[in-house]
Amino acid sequence: MSVLVYTESEQGKLKKTAFEVASYAKAVAEQLGTTVTAITINADDTSPLSNYGVDKVLTVTSSELSTFNAKGFAEVLHQAAEKEESKVVVLSSSANSKYLAPLLAVYLNAGYASNVIAAPSSTSPFTVKRSAFTNKAFEEISINTDVKIIGVSNNAFGLIENSGAASEETFSPSITDLGIKVESVDKASDKVSIADAEIVVSGGRGLKGPENWGMIEELAEVLGAATACSKPVSDLGWRPHAEHVGQTGKPVASNLYIAIGISGAIQHLAGINASKVKVVINTDPEAPFFKAADYGVVGDAFQVVPELIEKLKSFKAQQ
Amino acid sequence: MKILVCISHVPDTTSKINFTDGDTKFDTNGVQFVINPNDEFGLTRAMWFKEKQSAHVTVVNVGGPETEPTLRKALAIGADAAIRVNTPATDGFSVAKQLAQVVTDGNYDLVIAGRESIDYNGGMVPGMIAGLTNANFVNNCINLEIEGTSVTAVREIDGGKETVSTTLPLVIGGQKGIVEESDLRIPNMRGIMMARQKPLTVTEPVAANAETNSVKFEKPAPKGAVKLVSPDNLDELINLLHNEAKVI
Ligand SMILES: Cc1cc2nc3c(=O)[nH]c(=O)nc-3n(C[C@H](O)[C@H](O)[C@H](O)COP(=O)(O)OP(=O)(O)OC[C@H]3O[C@@H](n4cnc5c(N)ncnc54)[C@H](O)[C@@H]3O)c2cc1C
Ligand SMILES: Nc1ncnc2c1ncn2[C@@H]1O[C@H](COP(=O)(O)O)[C@@H](O)[C@H]1O
């Protein structure tokens, strides 16, 4: 009956989202009067999970699963859910979790709610709130199946500490045909990804050309942020597609989003609205972004950004 | 190669989102519907397979008669045939069950769907089709090459990309990158005329329970006014972000 939570790791280290989904699973377990079982795949140290309400950790070590495989990982979670007789399975909104979730839903014949932003408002019927229409609305949905899968939106629930002692158990599921083979991975290990970033610094067409991105990258570096851009900027080839955020690009749910030289078109705003605090820097006081932002500077990015970098450097030095 | 492209019929990206019937239904009043952007990228890639590798391309939608103009647009872009499964699209799982049936009946080698729909944002239909039909599945697909039954695909991962090899039958969740924005095609007059002659078959749904139910919608609370900081006083911005917003 335990709530099962998939706590992701990268190169053996648990990700921050692992603690957020564990916190969520704990909240659900309290509502249902049951315990939390976390499952990890090739994670080295699982002890921090006991700080977030996890009662038991199933550890899977498998060389076959050394690179992510949606089918293989979904099969592991499927067998873990059956072993624990879990009625609720909690996942994050990482690209990998979103990849495996629909397969797991089929294997468990479970209703799946993605982009969930709050603990269940009721457990019978099991009802959760999720974002829909690319953040232009919220939807309350009830899940009717015996087993339920919840995909928690990044940064929506937060971390809730709940110290305890988690027991650890080795779990050896049987893995068959994986179907897909990873040939190569191309990933900048020194950069924060948009999905994992707490702060995102984003540039638009107002920056005039790719040669001006140095200051965007420097600002991002000072803040430990990821860099992003508006759609025309990636369509023009100034920045890679992977940086395009918005309704048709990547969603952003960071704590802080800084938009520089971005007008704030509806399609852009839709994709970044889930960010908690928005700052806009734009020469045009009429730019629509000012209506969606928390803080704004009406000014020229070419003056404001370099000055902001200097001031942040001295601020950080004092911290 | 037989390709099935799943087409979600969604409100145009500029649409104002409103609800009716006590906030239980999406208000379609004055809303323009389009092919889901991720599906348009996938359809355009399918056209490439049609032109370069003689693939046969069918488009499919699960929905009521109101979605037919969207399917006709896909035919005008160049798809060979269209299927509409005549049932309202309620939840992702039951839509996937309808689509899996179409895939099985039509023996498709490749199913192209979108990474997510911009209305429901479920991000689940392609993966569920793959699970239900026991096909391989590549999500967030940004490049796709097929030779015989061998597939090389690139998928976007958090912070980078990954190249994978697999085989048909395959389902992908596509997005921008599988073709570029500049590759998208606007239907021309000839395409629109030809689309009228192409088959649009209406099939009846298989029995499928809704695994989830939409209870109620809600719009985000209106935003408070922006706090403006003078460009001559950026220390104040840092102060606000540190002490008030507590984000740096
Ligand atoms: C179907 C569809 C989907 C779309 N999806 C997306 C999406 O996912 N993401 C997205 O971003 N867009 C999307 N768009 C595009 C969107 O409509 C806008 O065109 C786009 O967001 C505008 O980008 P921008 O703000 O960078 O450029 P612009 O609109 O050109 O704005 C540039 C801004 O920079 C300001 N500026 C100029 N000089 C300076 C300076 N020196 N200092 C500071 N500010 C300056 C200007 O005042 C202006 O506000 C989509 C459009 C369509 C039709
Ligand atoms: N009603 C539908 N008819 C046909 N295809 C659909 C339908 N709903 C979703 N899809 C496909 O599944 C993808 C993902 O949708 P979703 O799971 O709703 O985010 C879409 O981009 C479409 O390709």
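Placed from the backbone N, Cα and C atoms, the Cβ positions cover glycine too.
Residues or ranges marked as domain 'Electron transfer flavoprotein alpha/beta-subunit N-terminal' by TrEMBL: A:3-182. Marked as FAD binding site by TrEMBL: A:Arg205, A:Gly261, A:Ile262, A:Ser263, A:Gly264, A:Ala265, A:Ile266, A:Gln267, A:His268, A:Asn282.
Mapped onto this structure are the features recorded in TrEMBL.
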residue  : record           : Cβ contacts under 8 Å, 6 or more apart
A:Arg205 : FAD binding site : A:Ser230, A:Pro232, A:Val233, A:Leu236, A:Gly261, A:Ile262, A:Ser263
A:Gly264 : FAD binding site : A:Val280, A:Ala287, A:Pro288, A:Phe289, A:Phe290, A:Lys291, A:Ala292, A:Ala293
A:Ile266 : FAD binding site : A:Gln247, A:Pro288
A:His268 : FAD binding site : A:Gly204, A:Ser230, A:Lys231, A:Val245, A:Gly246, A:Gln247, A:Ile262
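The number of other Cβ atoms within 10 Å of the Cβ belonging to A:Ile262 (FAD binding site), over all protein chains shown, comes to 31. In the predicted model, the domain 'Electron transfer flavoprotein alpha/beta-subunit N-terminal' (A:3-182) shows an average pLDDT of 96. Taking 8 Å as the upper bound (exclusive) on CB-CB distance to chain B, the binding-site residues A:Arg205, A:Ile262, A:Gly264, A:Ile266, A:His268 give A:Ile266 in sequence order. If you compare every pair of Cα atoms in A:Arg205, A:Gly261, A:Ile262, A:Ser263, A:Gly264, A:Ala265, A:Ile266, A:Gln267, A:His268, A:Asn282, the residues listed for FAD, the longest distance is 18 angstrom. A:Gly264 (FAD binding site) falls within neither a helix nor a strand when secondary structure is assigned with DSSP, and so counts as coil.
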